[in-house]
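First comes the structure, then the notes that go with it.
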Amino acid sequence: MDANSINSFFLIGALLTAVSVLLSPMSSRLGIPILLIFLAVGILAGEDGPGGILFDDYSTAYLVSNLALAIILLDGGMRTRVASFRVALWPALSLATFGVAITTSITGMMAAWLFDLHWLQGLLVGAIVGSTDAAAVFSLLKGRSLNERVGATLEIESGSNDPMAVFLTVTLIAILANVDTEMSFSFMFISFIKQFGLGICLGLGGGWMLWKLVNLSKLADGLYSILVLSGGLIIYAASNKLGGSGILSIYLVGLFLGNKPTRGRHAILNVLDGMTWVSQIGMFLVLGLLLTPSDLVDILIPGFALAFGMILFARPVAVWISLLPFKSFSSRDRWFISWVGLRGAVPIILAVFPMMAGLPGAQLYFNLAFFVVLVSLLVQGASLTTAARLAKVELPPKPLPVSRSGVEIYPSSEWEVFVYRLSESKWCIGEPLKRLAMPDGTRIAAVFRDDTLLHPSGSTRLEAGDILCVLGQEKSLEALSNLFSQAPENKEVQRFFGDFFIETDVKLADLAPIYGLSLDNLADDMTVADLVVLQLGANPVLGDQFQWQSLHWVVAGLYEGKVTNVGIRLPTEHSL
């Protein structure tokens, strides 16, 4: 490649990236996933688009996509709270294994019938599109206030279901490439356990080693993120090299680092946030360039049938069967999880495997995977907000600070500065600072008014528009935000928790005469907390709901895993 070609490459790459960034606000206005914007830019720049760029290098696309996916999973793991595993780990693993297998089987049979394929070829198509995509799920769920059980299940599933899809895809390619070779069940089982086992061991072990290395190292501030990124990629590559799941390993590395006091954690997350955006843009641009839309014309009708068959039948069946042992999921929860079976880059990456293996019909598999991804992003991704509202899994937006940043007092410092802007509706307006019930271990470090830094004392009275800089830790964030912040207004969602609230230590016997409750066969000293456990099980989450004796009960407050208060919605005909 000469200097002119290199400059042309830089020019085109930078131009496409800039166009993708500038067009990204269109996603919210049009109600479509931002990933689809990036993909569309790549398609328009490609062979059939006005850009006319001829790109058919599957090896390069495979390299770029795997690198991008690894970075996205590392970032996603660091932002996942391990506390969510309490309610979501086993359901997510069930979806990541049995769910993928069921989706693969049903989708595979549909593909074999629709495209007149051998049943093994159909199963290969099912395996390629069988897993949800971490990049798509993390991107579309980011910033949404969903029921913790539902949101965490979807995120953990998307980060852990790729090993099953890769295992099925690689196994089926090996069978189709060597039709005379018999593969025993024990061989396939061992291969599956190896992928998961090595992926988990290397991810957790490597994550621990990387965490120790980061905290023991004394580097320039900007180098910690590079160390984490390079260390994560080393573990990702080593896991793949040894026959494990690199995708699972790097997700667990991020999970480990994100839930430990790590030196420079906030700076690392800030850098990874930018790297994740670059990865998403680069990955979907390259995949868009790889597609020739005219190749999809021949599979248009059966392709739609396959995509909607998977969305409306295969995925829901897989979800309902996989979640049968978990009674805490309501029908609405299961429906929403079924709908958010988003496909993205992973199916397209897996579709490159048959191309690189030289299998007959590989181009058809690739085109089908791309078509299913397009339909999934357009239909499921664009309707995510509506689906969350209909399923009633969207919670009121949490009050949050305007910004937050870490304070590196010592290597593993957990101190942060939270910045709040006071609105006129806050009760603390006009009150002196000494009257504020600040959480323990927090302090107002600075007050800004009209771009002027004040020297606050106990008698300083707060005014609307004041900007407060509060020193504290994440454990105090909720209390501080309730005190100073204001969640975006959404009356329909705000009514989510009910007409009024009661504490869970109240006895049902005290409520019975007020609301006409029948307490037959219930203990006289039974409390609201006991009722919640009876109805929802031992691990309720914020937003869980149940109907009991004409009243609608909603979990409205939690502290250290225990319900502190519930909201009650009265029947419309009830009057106080």
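Cβ coordinates come from backbone N, Cα and C, glycine included.
Since the structure is predicted, the reported quantities are computational estimates derived from the model, not experimental observations.
Quick look at what Swiss-Prot annotates:
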TRANSMEM  6-26  transmembrane segment
TRANSMEM  34-54  transmembrane segment
TRANSMEM  58-78  transmembrane segment
TRANSMEM  87-107  transmembrane segment
TRANSMEM  109-129  transmembrane segment
TRANSMEM  163-183  transmembrane segment
TRANSMEM  185-205  transmembrane segment
TRANSMEM  219-239  transmembrane segment
TRANSMEM  242-262  transmembrane segment
TRANSMEM  299-319  transmembrane segment
TRANSMEM  335-355  transmembrane segment
TRANSMEM  359-379  transmembrane segment
DOMAIN    405-486  domain 'RCK C-terminal'
Check for me, if you would, whether the transmembrane segment (185-205) reaches the transmembrane segment (219-239) - at least 3 Cβ pairs under 8 Å, residues 6 or more apart in sequence.
yes
Which one of these stretches, 58-78, 87-107, 299-319, has the most C-beta pairs shorter than 8 Å to the transmembrane segment (335-355)?
58-78
Please identify the stretch among 6-26, 34-54, 58-78, 109-129, 359-379 with the greatest number of Cβ pairs below 8 Å relative to the transmembrane segment (242-262).
58-78
For the transmembrane segment (219-239), sequence-distant contacts whose Cβ falls under 8 Å of one of its Cβ atoms, 6 or more beyond its ends:
67, 70-71, 74, 198-199, 202-203, 206-207, 210, 213, 245-250, 253-254, 257, 263-264, 267-268, 270-272, 275
Any contact between the transmembrane segment (109-129) and the transmembrane segment (359-379), i.e. 3 or more CB pairs below 8 Å with pairs at least 6 residues apart?
yes
What are the helix, strand and coil residue counts for the domain 'RCK C-terminal' (405-486) according to DSSP?
14 helix, 28 strand, 40 coil
Which whole-number mean pLDDT does the model give the domain 'RCK C-terminal' (405-486)?
83
